[in-house]
Amino acid sequence: MTTQVSSAQHAKTHVKVSSLAQTAAAVIFGAVVLFAVGFLPTDAAHNAAHDTRHAMAFPCH
Amino acid sequence: MLFRRIILNALLVGVVASFVFSLLQVYVVNPIIFASETYEVPEEAAPVADHHHGEEAAGHSHSHHHDEEAWAPEDGIERTAYTMSANVFAGIGYAAILLAVMSQLSLQGLTRVSVLKGVAWGLGGFIVFFGAPAIGIPPEIPGIEAAPVEHRQLWWMLAAGAVAVGLLVLAFAPLKFKALGLVAIAIPYLVSAPHPEGPAFSHPDPAAVVALTDLHQQFIVTTSVSNLLFWLVMGVMSAWVLNRWVLTPSVLKGLGQDETANA
């Protein structure tokens with residue numbers, strides 16, 4: 001019984017780290033994509049996303 | 001795998017929400033951008049009161065006076081296509097963040113997301129990523145005088161980040177920590193947004209300044225409505241896909257949680 005509890009606890013700890021790593025990776029993915037659309041200073045990136053940057057209230061020009 | 005499901009569903013949510021946004025943008029937001037651009041004065045040219053870029057009647061004069069040499073999409077279909085693509089990427093990016101935060105809080109048992117709560121998540125996203133930055137730096141039309149773009153970008157990130165943390169603390173942290181949420185929300189406004197000295201529009205023609213000021217007011221209203229609808233679709237749809245395709249029984253099992261773990 002004791003063993004079962006401790007192994008369950010171990011599994012739960014492992015799970016939290018694992019899911020946090022995955023959700024954090026998804027947040028980073030989203031942030032990188034948003035940076036490219038809204039913030040990348042390269043002229044071509046700015047011009048391609050120009051109207052989106054204005055419409056979504058990202059700083060532009 | 002949780003990461004994979006978040007990204008795949010973010011693609012779906014991002015495409016749908018940005019489609020709604022693109023429709024509004026093409027019909028009510030972009031015409032204001034194009035009209036503003038007809039008043040843009042090239043930096044190298046001497047100010048001339050009645051100077052307009054090219055075909056002002058078409059309302060399409062397209063020029064980025066600060067980088068004439070750089071590539072830019074052609075006005076018309078090409079420009080609209082790039083705008084819609086950029087909208088899709090922005091939608092995917094926002095959806096990935098939203099779904100990831102929803103997933104994490106659900107897995108920790110701090111919330112159980114429903115479609116109705118999706119409305120609140122959407123409002124939260126609107127406040128964090130549009131409202132909070134726009135309070136300090138209202139949505140800008142071309143031709144407006146503004147502080148250096150790097151400063152505004154940094155402040156934008158500070159405003160969105162601090163208000164995101166603040167709202168999450170207010171909503172999900174234990175009562176004794178909630179005051180810290182208010183502190184986080186106040187920080188960007190205590191720092192205060194970068195603004196230039198002088199008038200908002202430096203166009204030499206007073207009539208143009210009146211027209212630009214009017215366009216700017218319209219722009220603030222139409223972008224607010226468009227972004228609010230975008231975020232409501234984002235919130236509701238993210239909540240729906242979260243329960244249906246992200247936190248599925250098999251994913252929860254893979255994470256060592258049974259279906260009732262986050263009840």
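Keep in mind that glycine also has a Cβ here, set from the backbone N, Cα and C atoms.
Predicted automatically and left uncurated, TrEMBL annotations should be read as such.
Per TrEMBL, the feature compositional bias 'Basic and acidic residues' maps to B:49-69. The region 'Disordered' annotation in TrEMBL covers B:45-70. Annotation comment: TrEMBL describes B:7-28, B:81-102, B:114-134, B:154-172, B:179-196, B:228-247 as transmembrane segment.
Segment contact holds for the transmembrane segment (B:114-134) and the transmembrane segment (B:228-247), given three or more CB pairs below 8 angstroms at sequence separation of 6 or more.
If you look at the transmembrane segment (B:228-247) against the transmembrane segment (B:154-172), you find fewer than three C-beta pairs under 8 angstroms, all six or more positions apart, and that falls short of contact. Sequence-distant neighbours of the transmembrane segment (B:81-102) (same chain, 6+ residues past either end, Cβ-Cβ under 8 Å): 6-7, 9-11, 13-18, 21-22, 25-26, 30, 73, 111, 113, 121, 125, 129, 168, 230, 234-235, 238-239, 241-242, 246.
Residues 132, 135-137, 145-148, 151-152, 155, 158-159, 162-163, 165-170, 173 of the same chain lie 6 or more positions beyond the ends of the transmembrane segment (B:179-196) yet place their CB under 8 Å from a CB of it.
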